[in-house]
Structures are given as C-alpha cells and as structure tokens.
Amino acid sequence: MESPKTVWAALASPRYLISSWPWRSYAYLLSSVPMGVLSLGVLVGLAGLSAILSPIVIGILMLMAFPLIGASIGYVERRRAGLMLVDGIPSPHAALPAGLTARARLLFRRREQASMRALGYGFVLGVFVWPLSALLGGLSAVVLGITLATPFIAGHDDVAMFSWKLDSFGEGLLFTVLFGPPFFAVSSYLLGVLAGAEASLAKAMLGPRQEELQRNLAALRRSRLDLVDAFETERARIERHLHDGVQQRLVGLTMTLGLAELDLPEGEGRRLVVKAHSGAEAALADLRAAVRGIHPRVLVDHGLQAAAREVADRMPLPVTLNITLPDRLPTPIEAAAYFVVSETLANVAKHAQATTCELSGWVDRGRLVITVQDDGIGGAQIGAGTGLTGLVTRLDALGGTLDVDSPPGGPTRLRMECPCRLGD
Amino acid sequence: MPTRRLTIVLAEDSLLLREGLASILDRAGHDVRDSVGDADTLLAVVHKDPPDVVITDVRMPPGHSDEGLRAAAAIRAELPAIGILVLSQYVADAYLSSLLETTSGGIGYLLKDRVGHVAEFLESLDRVADGGTVVDPEVVRQLLARRRNDGPLAALTPRELEVLALMAEGRVNASIAEQLVVSEAAVRKHVGNIFAKLRLDDGLDRRVSAVLTYLRG
C-alpha cells in the first residue's frame, strides 16, 4: 500500500496509530509554538516600533517592510507544513523577472498579493493557532507523559486517580496498560484532526490561488516559447552565415577555376584545375544540402506548403500531397511543422519499406493538423530515435502534440496538432 | 562562343560574385552595362535603358528573401523582350514555378555552380537572349525524380522523359542526340511523341510548352 501523502489520508488508514503520523501531528502542533511566538513578537514589535518612529521617515519604511516579513513567514511555514502534507505547499509567488537588482526584487515581492496573505497568516498563527496548538498538544503530551510515568511514581508514592489509589509499581503499570492505549488512540485522532486543520489553513492562505497557478503556467509557457524562438533565430543566423559567406566564396572559387580552365592548355596543370573544380562543386552540393537541413530557405520565402512540396520531391518514394493551408503561419509553428514533415518523411524513406506515402495538412478551428500515412511495416515509436523526441519537445512548447500509431506490420499513421495562434 | 554581343545588366549583392561574373562576361565579349547590388536599383536601371538580358540573384537586399525573383517577374511583366537569367543557390522548384507562371521563354534558372562551367553558362545565356528556356540540370534531375502517378507526364515513357528533361535544359535536338547517344532522327521521333502525348497546340512554341508542362508536373 502506498504511504499516505496527507494527514487526512493517513487518518483514514487503519494503520494510523502505528504510523509516524500521530508523532508528526505532535511535532507540527508543538513546533507552531515557537513560530507563533516569534511571528507575533516580530509583528507586534515592528508595529510598535514603526508607530514610535513614524514621525521620522524610517517608521514608514518599516511599515513598508511588513509584506516582506509576511513572505518570510510564508516561506518557513510552507516548509513546516511538509510535516502534515508530504508534498508541501507550492509557492504562490511569481518567478522573479530576470536581471533585477536586489532592491527591485524586494519591491517585486512586496507588491505581491501572496505576501500580504502570508502576513495575514502570520497574525493568525501568532494570535490563534499557536495557543490552541500549545494547549491541546501540550495537554495531551503531558497526560501521555504522566501515564507512562505512573508505574514509577506509584512505586515511590501514592497516586490518586479519582477514587482509585495507586500505591505500587504493579498498580501503576496496570493503569498505564489500561488507560494509556485508549488515551493515545483518542488523543492521536483528535490531534491529527487539529494538526490537519492547521495545515489546511496554512495551505489555503500560503498556497497559490487559481490565477497564480495559471499565471505561473503562462510564464513557463512563455519562457519555453522564448527558448524555441531563440533556437530558431540561431538556426537562421547560421544559415545566413553559411549562405552569404561560405557558399558565396565557394561559388567564387568555382568561377575562378572555370576561367582558369579556359586559359590553361591541355596537360597536367589543367587536369588538376578541373579536378579542383569538381571538388569545389561537390563541396557546394554538400553545403547546399546542409544549409537546407538547418533552415530551409523555401520555408522562409514561400511557406510551409511549398517547403513540404520540396521535401516530398526529394523523397525516393512517391508522396501524395494533400495540403490546404492559409498563406502563412506564425514562424515557430511553420518551422516546427516543417521539421515534423521532413523528419517523418525521412523516417518513412529510411525505415518503413513503404511504397506510397500520403501527407495531409489543414487548419481546423485554429489548429494546424498534419498527418502522414505510409503503407510500410510499422513499428515506429516516439523515443526510439532522437529525431521525433526533439520534435515532441518543440511542439510541446508551442502547445502542440505529436501522435504516432504504428502497429507492427503497419501501416504507420502520424498526426501532429498545434494551435495556430501564439500566446493564447 | 557568343553569337553576338549582348548588353547585360547584372544584379548580385555579393561583390565577389559580381566581379567574377562580370569578368567572365567581359571575356566572352559581352557588354556588362550595369552591375547593381539590390533589386530597387536593378529595376531603376532596367527602366532607364532596357538591356538585352538581365542576370539576377534570387536573394538580394533589402529583405534578403526573393527580391531578385520578384524584380525579374516585374521586368518580365513590363518589358517581355528582355531575357532573364536567374541565378540561385537553391534547387527549389518553388522559385522556378513563380518565375514561370507568367512567361513563355526568354528565361533561365541556373544554380550558381553552373557559372563555373564557363562555356555552358555562356551558351545558356545566348539561349535565354534568343527567347529560349533554360533550366538547371540539377533542378531538372530533381523534378524527374518526382515520380508522379498522375498528371500529363504519366503517359510518357522513361526515354521520352529523358528527352524532355534535356529539352528543359534548353538543348536542341542535335545536342540531345549526342547526350543520349542516339540518332537525331530518333530524338525527333521522341519529341514528336512528347508533343502528341502532352496534346500541345501547334501555334505555341511547343518546345517551351512541353518544358513548362513538364515543370508544372
């Protein structure tokens, strides 16, 4: 059986009493005492101090620091709540924007609503939570301690228990055995509930609200998009460098060699120049293929439909194209879709032993859909090679998906879907 | 070597290649009247005094996209008598299609590597100046690899496809015969069959039409 992740789940388990949970509850309740006292002390002290100092500016500055105190309390309390909630409480704070100074970071945190909620929790902890915890947790601990100690006390002295007088170790032991387990059982459940309630309160006040969760998700998505974008820009830069630099130089070289061929008489020298010329041409052809793989120019100039056609044309097997797309799609989507098409078709050509292949693409309700189907042997899967896995990551960042259905024996169907608009 | 002296306007943004091309054309006895580095200047120069042939790169400033190609299309639309030879770094048929959409000859599309084969390059230039169509063998080879199950080309035999591919390169029958090591009469027969199968009208320049049909797949 899986061990419970929260005290509520633990309370429902028949093994609750013999688990660590009663003791975690004690630890949580009793540790709230120093935290509560400290919070109250700091907050009251700071409030008093700033009241006294308010005529001068420093008092007002101290008031402004309250949300930050709240944020610090929240930080500690979210960790302490880990005693009751194994997974802890996720932070409600937004990720700090990059490149902020220390001062700007503090200002950012201070303005957050979550910091004010944590401050509120600090007051609740300081005023209500810890006295209640101390009272019930402490009382229960004392009773439990005395119950365990009873045999020894009774051995030395008389212990009056209502009308029953315990005056020997044996009687004390009898009391411990009779009273201890039922008391432990009842108090453990009560304290578990109390500790659970406090942890739930902490979670409600210190955990992220729905909109904070959504905001964090959006921020994550944006940063991944930025990453894809940076990757794309870099590819384009490399492509341009090769194209405008290396490729041009090689072309210039073939021209010079071509002219030299005209001037040279038949003989060894001319034979060597001709050889150099064909070598330069081969290098150009290689470079052309490489550049196309990095960032196909046709995609940039003419869009996905034309680029997919070029890819299909290079395939050794006939590819039926069935593409109806709007003129242009957002650049990162076009690029991702292009690489899906070229990678998939290359895989079909390499592994599928197919005789035909059909590529379809359309936009349906704001989603770009691309499917590739072949009549090959099947058995393809994402994760077998690096190619498709990389594409899945790219698509994921754009909010898209890639599914491969390829039973052994075939046929293989691949379907890519991706939202066509960015940022929603 | 050149049948006549051509006036040429050269558009290429890489200084290195521009110089190289100019010196090749100079040697061949042509008159490189202007060499420019961007599409706008190209259009201005051509408008002022139309040359026989425009040689242009695909990718040019300011956008470094397909400005050269678009300039070529604009020139073709306004001054159809000017031969246009497009030099490209890509084997992409998307560029070619957009070039051929409005045209019926006097046009060429060559990979830049081809310029190094000086004699062939100059021959292509002459063909374009004379109203012929020249397509780079590499592009043709790739188009040929596209084994379409449908379309008008499905009716052609492999041999006829080969002949058509060589026609697309702008070769005359004698040159095709030499290339395929057959008689010129045989080539004529194939060409006749191709025309018949593609159902080409007599009025048109059939050779060009055949090539265009071929390229449009």
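Placed from the backbone N, Cα and C atoms, the Cβ positions cover glycine too.
Check TrEMBL against the ranges A:25-46, A:289-310 and you find transmembrane segment recorded for A:25-46. Restricting the average to the domain 'Histidine kinase/HSP90-like ATPase' (A:337-419) gives a pLDDT of 85.
Count of Cβ pairs under 8 Å against the transmembrane segment (A:172-195): among A:25-46, A:52-76, A:119-152, the largest is for A:119-152. Using a Cβ-Cβ cut-off under 8 Å and counting only residues 6 or more beyond its ends in the same chain, the transmembrane segment (A:52-76) has close neighbours at 35, 39, 42-43, 46, 93, 106, 109-112, 114-122, 125, 206.
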